[in-house]
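Asker: Starting off with a structure, shown below.
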Amino acid sequence: MYFYPVVLKVLITSIAINSMSRYKQKQLLFSVLLSILHCNSPGRGLSDPSDAAIMNDFRNGLTNPELLQWPKDNDPCKWRCVLCHGGRVTQIVVGNFGLNGTLPGNLNQLTQLILLDVQRNSFFGKLPSLSGLSELQYAFFSMNYFDTIPSDFFDGLVSLMSLSLDFNPLNISGWTLPSELQSSTELLNLSLISTNLVGPLPEFLGRIPSLTVLHLENNMLVGLIPLEFTSLPLRVLVLDGNMLMGPIPLFGEGVNVSYVGNSFCHSEPGVPCSPEVNALLGFLSDVNYPTTLVNSWLGNSPCFNGWQGINCNTDNDLILTINLPYRSLNGTLSPALGRLDSLKTIILTGNSLTGVIPASYTELQSLEELRLEDNNIEPPVPAFRSNVNLHLEGNNLLYGSPSTPTSSPLPNSGDAPGYPLPPNWGASKSRNSKAEKLMFIVLPALVLFQVLLLSVWCICKKNRHGVRTEPSLRRKHSEVTEATSHQSDQISSVIPGASFETGSLVVSALHGYFSRSRAADQRLPSPNR
């Protein structure tokens with residue numbers, strides 16, 4: 001009854017200990033052998049009604065079900081490509097039949113399923129979830145057209161020994177291996193060739209103690225090869241055609257490793273990267289390995305190889321500037337940059353960086369300018385030297401904003417003793433604050449200036465027209481002339497610069513002091529005196 005799973009285990013182990021150059025030939029031979037053995041054997045027993053309903057859904061999803069010669073009495077346990085035990089479906093083997101259609105989403109309700117082989121057909125659409133299939137040991141979906149993998153696909157596969165999803169265009173925008181896979185502690189063989197895998201290699205794969213064959217070639221994996229992989233009992237590891245970086249770990253003897261077409265700093269295993277490369281790779285990791293930088297940051301010399309956004313001193317190849325504004329970087333600021341002692345300028349304006357500024361940046365003795373405007377940097381801000389130009393405008397979590405008020409005091413507030421204020425904090429005040437202060441200064445000054453102009457105009461107008469005298473106070477011309485001639489010396493002493501003409505008094509007040517002129521007029525003696 002369970003002969004076929006035993007055969008499968010022997011074949012998988014055989015594949016693992018043989019050279020990987022023959023792996024695909026063995027995989028094809030294995031698939032053909034499995035189909036011949038299983039589909040030429042008679043079915044067993046009567047089906048459980050719930051399993052029968054699920055298998056009927058399976059048949060209805062096919063556009064060419066006649067290829068499988070479904071039994072006339074509709075009992076799937078009598079179908080020669082299905083094996084049952086106690087009326088429960090335990091094995092479905094329809095690989096390489098030329099089938100076309102979709103798989104039912106309720107396949108994971110076949111709770112006694114041990115083997116599922118649908119590889120080398122033309123199935124399309126969404127993969128069925130395998131969640132909860134605790135008895136499942138072998139699942140083969142390779143070489144179809146599945147375009148979506150459910151988020152719970154790997155949940156609860158505690159007995160899984162071999163899984164293949166090769167050459168399916170899963171999640172065209174990319175997908176990552178979920179951590180639930182690490183519960184499959186019996187896993188021997190995992191093959192995910194050309195399945196749009198993205199992101200770093202999961203470290204938890206290095207903690208699956210039984211993993212022997214791992215195929216991850218032709219994906220979009222980034223980052224470093226975890227050192228945990230070197231402790232696995234691996235016999236085959238294929239990582240060709242990805243975007244892996246950093247050093248190549250040194251694996252033990254007898255491990256067939258291939259890593260062609262990646263971006264390692266050295267081509268020889270066991271050779272470490274330069275300290276500068278390690279620091280920049282730490283930065284790259286914390287901003288989630290943006291593709292544009294991964295494709296540019298190649299080799300072991302950022303200066304010689306012209307890494308994008310990295311400027312160097314051409315005389316000694318020391319890194320002077322990290323210039324990556326408006327690159328859609330998301331993640332956190334890596335403390336690793338604090339190891340680049342030659343850094344003078346860091347420009348990361350206009351990204352989506354979060355978290356705090358690492359304290360290690362304050363230890364950069366050559367640092368002159370740090371520009372982090374328009375990000376999402378959080379307090380506290382470490383204290384930099386006074387000669388470091390720190391620009392933090394547009395970080396609402398530091399300054400607060402009307403739309404997103406902060407729940408904690410601002411870093412430069414007297415109510416925030418836990419937020420040390422850098423000596424050069426004034427260099428990073430917001431543009432809005434500067435504009436508001438300028439408005440409060442200029443606007444009152446303009447108003448005051450207009451008031452002064454109006455006052456001067458009124459005074460000038462009043463003095464130009466003179467003070468009218470009442471008719472009773474008017475005197476004859478001869479009387480005024482006589483009075484003024486007798487008092488010329490007195491008037492000259494009161495109003496310097498005054499001059500007299502016959503029959504008239506002309507007073508000119510120096511320096512525009514109109515008030516003095518009026519005072520002098522009041523001191524003139526009356527003609528009757």
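Including glycine, each Cβ sits where the backbone N, Cα and C put it.
Marked as compositional bias 'Low complexity' by TrEMBL: 401-411. Feature annotation from TrEMBL assigns domain 'Leucine-rich repeat-containing N-terminal plant-type' to 49-84, 275-313. Annotated region 'Disordered' per TrEMBL: 401-427, 468-488, in sequence order. The feature transmembrane segment is assigned by TrEMBL to 438-460.
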Asker: Counting by DSSP, what is the helix, strand and coil composition of the domain 'Leucine-rich repeat-containing N-terminal plant-type' (49-84)?
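Answerer: Computed counts for the domain 'Leucine-rich repeat-containing N-terminal plant-type' (49-84) are 19 helix, 4 strand, 13 coil.
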Asker: Check the domain 'Leucine-rich repeat-containing N-terminal plant-type' (275-313) for me and report the mean pLDDT.
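Answerer: Residues in the domain 'Leucine-rich repeat-containing N-terminal plant-type' (275-313) carry a mean pLDDT of 95 in this prediction.
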Asker: From the DSSP assignment alone, can you count helix, strand and coil residues within the domain 'Leucine-rich repeat-containing N-terminal plant-type' (275-313)?
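Answerer: Split into helix, strand and coil, the domain 'Leucine-rich repeat-containing N-terminal plant-type' (275-313) gives 18 helix, 4 strand, 17 coil.
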